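Colleague: Encoded as C-alpha cells, here's the structure I'll be asking about.
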Amino acid sequence: MPEPSISALSFTSFVTNDDKLFEETFNFYTKLGFHATRSYVKDNRSDFELTGISTDSIKEIWLESFPLSEVVETSAGRELRKPLQESVGYQSEALLGYSPYQSDGVVIKLRLSNHDLQKNKDLPGEVTFFTASIDKLRAKLIEIGAEIIPSEIDLVEFSTKDPMGDVISFSSYPSLSSKKITSPDFFLHPKKEVRSQESIVEQVKSEEGKKKIAIITSGGDAPGMNAAVRAVTRAGIFYGCKVYACYEGYTGLVKGGDMLKELQWQDVRGLLSIGGTIIGTARSKEFRERWGRLQACYNMVSNGIDALVVCGGDGSLTGADLFRNEWPELIKELLGEGKITKEQYETHRNLTIVGLVGSIDNDMCGTDSTIGAYSSLERIIELVDYIDATAASHSRAFVVEVMGRHCGWLGLMSGIATGADYIFIPERPPSETNWKDDLKKVCLRHREKGRRKTTVIVAEGAIDDQLNPITSEEVKDVLVEIGLDTRITRLGHVQRGGAPCAFDRFLATVQGVDAVRAVLESTPAIPSPVISILENKIVRQPLVESVAQTKTVSDAIEAKDFDKALKLRDQEFATSYESFLSVSKYDDGSYLVPESSRLNIAIIHVGAPTSALNPATRVATLNSLAKGHRVFAIRNGFAGLIRHGAVRELNWIDVEDWHNTGGSEIGTNRSLPSDDMGTVAYYFQQYKFDGLIIIGGFEAFTALYQLDAARAQYPIFNIPMCCLPATVSNNVPGTEYSLGSDTCLNTLSGYCDAVKQSASASRRRTFVVEVQGGYSGYLASYAGLITGALAVYTPENPINLQTVQEDIELLTRTYEEDDGKNRSGKIFIHNEKASKVYTTDLIAAIIGEAGKGRFESRTAVPGHVQQGKSPSSIDRVNACRLAIKCCNFIEDANFQVKHNANLSADERHLRFFYDDGVKTSAVSGKSSVIDDNTSVVIGIQGSEVTFTPVKQLWEKETHHKWRKGKNVHWEQLNIVSDLLSGRLSIRTT
C-alpha cells in the first residue's frame, strides 16, 4: 500500500511570480473554506510586522483553516469552539496520536515573489489535508470546475490541483493510526443537546419581552462616540435588553435591512481607544422628510425596536425629538396601511428617545462638556505647542484657526491652554472700529515685555460687534502692519481625529450607561432626556429645553445681544473668558487696585511633582501682577525656605511660557513647615506675606493644617492661605478633582492602549498594569474604566482568593468567546497599595498558573511616567480657573481686614483683636482666630467649587493613616467598570 506523503500538515507555503496566478490561487482556497488571517504588501513596515515574512516576497497572504474542536456554551448562550490548548486532553500522552476533541488546523502561506521560479511539472508539490466532510468538499470542487483525480493511496479519498499546479489531496483520516471521520460532529464535545420545539418557542417568547434599543451616531463624528456605542451595548445587554446598531446615522434607520444589526457583547470589544464611530455617521436628507421618518418608523417596528439612543449634535437631537413627537401619528398610519399588525401597534405605540451630546464644538446648553470636545481641545493644544517652538525660534506670529461653528468654546479654552495673546470668539465680538488697534496694542505690549512669539486664536465663527466676519487673513494683515512675520495655520479636521482623551472615554462611558437606565425608567409622560454633566456629576436635562436654549444663543448673537449669548453658555464660560482677559489683556495697567490694597502673595509647591504645577503658578502670577500685587515663589518647598530663605519675586516674563511646562520650575519636595516652624514664620514676616497659595498633594494639605494650627504661636500665619490640590493620586480631602490627575490619566490611557496592543498581537497574553495612587484607588478605578480593564484592584475593595478566582473565570470566559479571533488585548489594573499579599507580581503569577497553557500573563509598571510631561487641556483650563479663585479668595479676605475702620494698624497687621478679653478674628468676627475660615482647601465637589476650612477636613474627613479623604467619591466608577467588563455579571450569578 503506498504511503501518504504528508500525514499531519500544519503549515505549508506556495509561491509564484505571476500576479494573476497568485489571485486565482487565493480565490481557490477561500472557496474551500480557508480564511485570510494576515496580509502583507512590500513597503516600509517596521521589523515586528515582518515576522515570518519571506525576504523575497512582494506580497503574502496567510490562509488558515480553523480546526474542528471542542464546542462549549458561553455565559451568553452562544456555542464557540475551544482553541487547541484549551481542549480536553491537551498536552496528554493520548494527544501524541491525535486529539479526540480537536482536529488539526492548517496554515497556507501564498507568496508572490520577484524571483524567477522553475517548477518541475513532472514532480509537482503534493500535500494532504484532512476533512470531515469529504462528500461536500468533492461537490464543491466539482462546482468550481476543479479536476478530481482518483487516489492510489488507501487513506486518501481523491486529489485535485490548485491554480499553481500543486497537487492537493484529501483524507477522512486525521492521522495514519486513526479511524475514519465522516462528520464534524465527532469533535463536538460535550455532545450538543437536542432542543425540543417547546424550548424554542419559549425562547422566542422570552426574546419578545426584551426591550430593544437602537444606538445611532449622527452628524459630525467626535472622539468618544465608539465608547458610547460600547457602553450602551453592554449596559443594555446587562439589563436584559437587545441592542441594535443603526449604521450610517439616520440613513440606516430609513433604509433598514442590514443597516439595523443586533450587537453582541464581544462586538464592541476594543472600541475605547478608537476615534470616530465604527457604526458610521451621516447627515440624512431622507430623515428630514416625513416619508423618511415614516419609513424609519416601519423599520423600527418591524425589528421590534421602540427605544433610540442618539449620539450627536443639536441637529441630530432635534430630529430625534421631532421623531418622537410624530411617532403616534406615524405608527397609526402604518397600521392603517396594513404594514404592521394590531399587536405591533399596541406593543410599540410609544417611542423612547435619549440623547447623548457628541460634538467637538461643545455648543449644547445645559452641560459642561460634550463627548469629543476635550479630545478636540487636546489636539489643538498639542499642535499649538509644536507651533510655539518654531514661533519662538523665528520670533514669529501665528494665527491659528480652530473649529466651533457658532460656538467659541474651543477658541476660548485653547486660548487659555496655549497662553494665546488674543482670541476671537462669536460670543464676545470686538468692536468693529477698534479691534485692529486693540490687537496691535496687546501684541506689541507683550513683545516689549520680552515675549518672542505671538499666538492669536480665531474661532471659525468669529465676528465683530456688527456681525461682520473676522477672517484669519484679516488678523494676519493687522499683525504684519506692526512688523511681525506672521503665518496662518488652519487645523481643520485634524481636530476631530485620533483616539479620545481620558475624559471623553469616561464621559461617553458613564453617559452611555445612564442612557440605558433612562430608557428603562422612561414613561410616555417623561420628556425625552439628554444626558449631561455638570462639574463631575451626571445629570439628565429635558432634551427640548436644552436644544431650544442652544438655538437661543445663535438668536442672541444675531440680535447683537452678546451679554445674553455669553450667559446662555455653560456656567463657567463667562468666568473663563474673564480669566483669559486677566492673564492676557489686563496687564495694560487698567485693572490695578489702589496701592493700599496691593498684596504680597507667596506661592509654594509641596509634594510630588505633577504636570499642572507650573500652569497654576503662571495664572496666579499673571492675574496678581495685573492688579498690582507682588508675587513671591518659595523655591524648593519648605526645605528651601528653612535652609536657604529661598524666596524669589516673579515677574511677567518669568512665567509667561509656563502654560505647557510640566514638573515644577520653582522646585518641589515633601518637606513640611513643622521641620522648623519658627524659621518659616521669620521669613513670612521678613517678606510681609499677605497670602499664601500652597499647590500640591496630601503634603500640601498637611502643610496648610500645620500652619493653621501654629497661628496661636505665630500671628503671621493669620494671613489667608489656600491649598490648591495638585496630585496624580487625587487623594486630597475636600475635592473630587486634583490638578495633574487628568494628565496622568491621559498618559495611562495611552500606555494601556500600547500594552493591550501587545497583548492582542499574541492573542493569549494578559497584562497586569500597576498604577500609582498610594492608598487612594481613584487612579486605578478611573484607568480601569477608560481602558476597558477586565478587573481593577484598589485599596478600598480588599482582594481575597474568591475575588481572584472570579476574575480568572471572567478571563477564561472572555478567551472562550474570542475563539482566538478577537485582537483585543486583556489587562488588569492593580493599585500599588491594593494589597500587601496579592501584589502585582502575585496576581500575574496566579493568572499564569491558572492559564495552564491556555493563556499567559505579564506585568507592566509605568512608574513615574504616569506623571506625564506636558499638562493636558483639562489640567491647563482648571489650573487657570482654580488659581484665579485662590487669588480672589486671598484678596477678599485681606479686603475685609485692611478696610475695616474699626481696627487699629496693629490689629490689621495681626488680623485679630481682643473683645472683652476674648481673642477675635478680624475677618469673621468669631471668637477663635483658628475658626475664621481663612485656611481653606479649594476643591470641586459635586457640581460646585468649594472652599472648605482645613481644620474641618483634617478632623472630620481625613483618613490620616491612609493619607486620603474618607469620601470615596469614585466608587461609582468601579460599579460601571465591573458592569461593562462582565465582572458584575459573574458576581451577580
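Note that Cβ sites are derived from N, Cα and C of the backbone, with glycine treated the same way.
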Colleague: Besides Arg283, Ser284, Gly313, Asp314, Gly315, Ser316, which of Gly220, Gly404, Gly408 does Swiss-Prot list for that ATP site?
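Modeller: That ATP site, as Swiss-Prot gives it, pairs Arg283, Ser284, Gly313, Asp314, Gly315, Ser316 with Gly220.
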Colleague: Can you match one of Glu448, Glu460, Glu535 to the beta-D-fructose 6-phosphate 1 site that Swiss-Prot gives for Ser359, Ile360, Asp361, Met403, Gly404, Arg405, His493, Val494, Gln495, Arg496?
Modeller: Glu460
Colleague: Can you see whether DSSP assigns Ser316 (ATP binding site) to helix, strand or coil?
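Modeller: Ser316 (ATP binding site) sits in a helix per DSSP.
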Colleague: Is it possible to list how many residues within the region 'Interdomain linker' (586-599) are helical, extended or coil according to DSSP?
Modeller: 6 helix, 0 strand, 8 coil
Colleague: Based on Cα distances to Arg963 (beta-D-fructose 2,6-bisphosphate 1 binding site), point out the closest of the recorded positions Gly313, Ser359, Asp361, Arg858.
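Modeller: Going through Gly313, Ser359, Asp361, Arg858 one by one, the Cα closest to that of Arg963 (beta-D-fructose 2,6-bisphosphate 1 binding site) is Arg858.
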Colleague: Return the average pLDDT for the region 'Interdomain linker' (586-599) as a whole number.
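Modeller: Computed over the region 'Interdomain linker' (586-599), the mean pLDDT is 92 on the 0 to 100 scale.
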Colleague: To see if you understand the setup: which same-chain residues, six or more apart in sequence, place their Cβ under 8 Å from that of Arg487 (beta-D-fructose 6-phosphate 2 binding site)?
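Modeller: For Arg487 (beta-D-fructose 6-phosphate 2 binding site), the qualifying residues are Arg396, Ala397, Phe398, Val399, Lys476.
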Colleague: Say we define neighbours as other CB atoms within 10 Å of the CB. Which of the recorded positions Asp314, Asp361, Glu460 has the fewest?
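Modeller: Lowest Cβ count within 10 Å among the recorded positions (Asp314, Asp361, Glu460) is Glu460.
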Colleague: Compile a sequence-ordered list of residues in the same chain as Arg283 (ATP binding site), six or more apart from it, whose Cβ lies below 8 A from its Cβ; state 'none' when nothing qualifies.
Modeller: Ser218, Gly219, Gly249, Gly315
Colleague: Near the Cβ of Gln866 (beta-D-fructose 2,6-bisphosphate 1 binding site), how many other Cβ atoms are there if near means within 10 Å?
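Modeller: By my count, 23.
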